[in-house]
Amino acid sequence: MNSVRAANRRPRRVSRPRPVQQQQQQPPQQPPPQPPQQQPPQQQPPPPPQQQQQQQPPPPPPPPPPLPQERNNVGERDDDVPADMVAEESGPGAQNSPYQLRRKTLLPKRTACPTKNSMEGASTSTTENFGHRAKRARVSGKSQDLSAAPAEQYLQEKLPDEVVLKIFSYLLEQDLCRAACVCKRFSELANDPILWKRLYMEVFEYTRPMMHPEPGKFYQINPEEYEHPNPWKESFQQLYKGAHVKPGFAEHFYSNPARYKGRENMLYYDTIEDALGGVQEAHFDGLIFVHSGIYTDEWIYIESPITMIGAAPGKVADKVIIENTRDSTFVFMEGSEDAYVGYMTIRFNPDDKSAQHHNAHHCLEITVNCSPIIDHCIIRSTCTVGSAVCVSGQGACPTIKHCNISDCENVGLYITDHAQGIYEDNEISNNALAGIWVKNHGNPIIRRNHIHHGRDVGVFTFDHGMGYFESCNIHRNRIAGFEVKAYANPTVVRCEIHHGQTGGIYVHEKGRGQFIENKIYANNFAGVWITSNSDPTIRGNSIFNGNQGGVYIFGDGRGLIEGNDIYGNALAGIQIRTNSCPIVRHNKIHDGQHGGIYVHEKGQGVIEENEVYSNTLAGVWVTTGSTPVLRRNRIHSGKQVGVYFYDNGHGVLEDNDIYNHMYSGVQIRTGSNPKIRRNKIWGGQNGGILVYNSGLGCIEDNEIFDNAMAGVWIKTDSNPTLRRNKIHDGRDGGICIFNGGRGLLEENDIFRNAQAGVLISTNSHPILRKNRIFDGFAAGIEITNHATATLEGNQIFNNRFGGLFLASGVNVTMKDNKIMNNQDAIEKAVSRGQCLYKISSYTSYPMHDFYRCHTCNTTDRNAICVNCIKKCHQGHDVEFIRHDRFFCDCGAGTLSNPCTLAGEPTHDTDTLYDSAPPIESNTLQHN
């Protein structure tokens, strides 16, 4: 490529004389016989048909004359071409034609008056040769039918296509268009795409047609896929009137006016500066073609609506390079509202990469009140200050599309100071700083950009920067894919933000923004970070497969997290900490490798109407002084706990559906004191609610049912309050209190549970007040194993085994209780002499007097009911153990002698009943 250094000079004004007529080509050494001379029609009228037939026939046609050798000789004619050469061939001679080329079918002879010999005289204008049809004679009376001139007939009807095309290949575009006006055949041949492609590439160099259907719009096409039959000609017409910057060609062009006759609408210059001045002085449309080459240190300040486009074969932008080493390569100033620059490489390559004394540090600078179009450009900068593209100032509103802004040692695209603009389909990659900066009320529209592999953040909006980002692909940047800071407020819609080496979206220091319907995935840190009083809107996004969490809100962060699909992340789907208080609603948080929502370190927030399911750890964690409000969520199908309060976790859990967890629906431990009300908790494999290790809590108005173990567990010094709950249809007991558990149970309905409505054991001491315990399949209340209780105003009725059972050594405080209408199945079985094993089940054990038999060598772990002692062990050495809850080992068939009362054994368990202990969450092992 040529390297051109501009000279500061005015555009050269070169006179362009008309082309000089070339010398007529010499005829062959043995010219054919000359036809008889014809007189002009003005001097002699044409002979009648009878007289023409009497004339002497012409000699046989000679070979065709040689083709012209020079382009500017194509228009010349041979005065000595015989008329016989163009006579119609007939008879046997037609079969021995010297041409073995294809011919056009002869057209019907036209009726016309004879004209001046069309081959007579030489002229440089092809219009005179091919442009005139035969004139009709003006005669009085009836008109006569006369045949066309023989030469015209030969050219139009009999000359082979290949010969015509060869002749046409020497014509320039205007003469070719004139030839197309001669006849239908010439029109078809003159529009041959190969002819126009050759002309087109000679002028514009493009190897594919460059279409220019309207101002500011250029695009290349594949000719075979274009609907127009001749896209080369169509593009030629669209691009015809323009100036060309082609170093070294201008002198040749203006020195050969005859060779380029008809191209007066084309101007040629050696430098871009000359072309900019020339098109303005010549009042052209401002279309400038910059041909292949490297143009260095030109002063390109554009302040008019010019159009500048690269012109080169192959990949155009790679062949046309404009470079500056001192100041901004291109500067668009006020007045360049509709300017266009496209299909070229623009470089800023200063000698001192970090020099601070540069007046400007940009490849391309767009200033106030201008809206140019930058299209299909490659933009590079090696300067470590400034940016590759800078758009600044009120009214700066460019359109930058299909550009490649990459490998720059600074910011790729910088939009600031109220600038706007449309930026579409650009490739922005591998820049040392952010791919895009938006600052100080800049408000661009950025669509379908590919922003990747940056050595910093992908997009950085800060200091009140705004913008609308749509359908961008942002990935593999060293820091976050998208960063929002310091009151910036962008809108990001339907983008893909993924594979960030840190996070996906980072909003901090009072940043805002709307992030809507994006795909955020596979980032090394959180998909979305919100911190330090920031308040963005995160709506309708898919946030998945992150190497850490989904959404991470900390440091007084806020925000609306709504309608997102958050799944498959390595840590919690949403994490809220350190006084953060977001609104989290209508999200799906599922299939995480950790928990669903994790609120800790005094985190807050309103978490409502979410669906949290199928997570490996707890659906929701609340810990370390946090106080969120969880309302109307569906938390289900987890592999551990549904909602887990621990280490002083607080908050409100209300109106939620919590079901089908492998552990408990809710666990409360270690000083946690939540308010749990109006929830439905069912399907837990380890019970409904487990309160342990000094857990607290106010549990009110809940419905707790169909759990595999107890509806509510209270153990290990825990002291919750349960009011107005309905605890029913459990596959174990209603409420189990043991290991020093306490609590206030007030106004609850406890019914239809498989074991005791309330079981109190192992040094526990709860208060039961005004509860209704009924329709149980075992006892109403059982108190055993040195436990105590205060029972006030309870109603205990219609339970199968009985109302209240107290084991040996148990002392309770009772007041105003009503124990009535229970079925007393144990007493009835004893009175009928039945083995009490008959009324036991795998998990339901009757409370009565139990013994051991020394004769049968029973151990401390064996117990025998009173009827088996009387019948099966009559006369044996027996010992009373205590009045407590056992099943009969004699009836179960576990002793050496068979039971004579039980018959065939129907149970196979010898486990002592103390209600199988609940499984405590091991979530802490994963913190």
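The backbone N, Cα and C atoms fix where each Cβ goes, glycine too.
These features come from Swiss-Prot:
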- 1-132: region 'Disordered' (REGION)
- 7-16: compositional bias 'Basic residues' (COMPBIAS)
- 17-27: compositional bias 'Low complexity' (COMPBIAS)
- 28-68: compositional bias 'Pro residues' (COMPBIAS)
- 114-129: compositional bias 'Polar residues' (COMPBIAS)
- 153-199: domain 'F-box' (DOMAIN)
- 395-417: repeat 'PbH1 1' (REPEAT)
- 418-440: repeat 'PbH1 2' (REPEAT)
- 441-463: repeat 'PbH1 3' (REPEAT)
- 464-486: repeat 'PbH1 4' (REPEAT)
- 487-509: repeat 'PbH1 5' (REPEAT)
- 533-555: repeat 'PbH1 7' (REPEAT)
- 602-624: repeat 'PbH1 10' (REPEAT)
- 625-647: repeat 'PbH1 11' (REPEAT)
- 671-693: repeat 'PbH1 13' (REPEAT)
- 717-739: repeat 'PbH1 15' (REPEAT)
- 740-762: repeat 'PbH1 16' (REPEAT)
- 763-785: repeat 'PbH1 17' (REPEAT)
- 833-904: zinc finger (ZN_FING)
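Same-chain neighbours of the repeat 'PbH1 3' (441-463): 391, 412, 415-435, 469-490, 497, 500, 506, 511, 513, counting only residues six or more beyond its ends whose CB sits under 8 Å from a CB of the stretch. Counting Cβ pairs closer than 8 Å to the repeat 'PbH1 15' (717-739), the top stretch among 395-417, 418-440, 487-509, 671-693 is 671-693. Taking H, G and I as helix, E and B as strand and the rest as coil, DSSP gives the repeat 'PbH1 3' (441-463) the counts 0 helix, 10 strand, 13 coil. For the repeat 'PbH1 10' (602-624), same-chain residues at least 6 beyond its ends with a Cβ under 8 Å from one of its own Cβ atoms are 553-554, 572-573, 576-596, 630-651, 658, 661, 672, 674, 921, 923, 926.
The repeat 'PbH1 11' (625-647) makes no contact with the repeat 'PbH1 5' (487-509): fewer than 3 of their CB pairs lie within 8 A, with pairs spaced 6 or more apart in sequence.
Non-local neighbours of the repeat 'PbH1 2' (418-440) in the same chain are 366, 371, 384, 387-388, 391-394, 396-412, 446-467, 474, 477, 483, 488, 490; each lies 6+ residues outside the stretch with a CB under 8 Å from one of its CB atoms. Helix, strand and coil content of the repeat 'PbH1 2' (418-440), in residues and according to DSSP, is 0 helix, 10 strand, 13 coil. Per-residue confidence over the repeat 'PbH1 10' (602-624) averages out at a pLDDT of 98. With DSSP classes pooled into helix, strand and coil, the tally for the repeat 'PbH1 11' (625-647) is 0 helix, 10 strand, 13 coil.
According to DSSP, the repeat 'PbH1 4' (464-486) comprises 0 helix, 10 strand, 13 coil. For the repeat 'PbH1 15' (717-739), DSSP puts the residue distribution at 0 helix, 10 strand, 13 coil.
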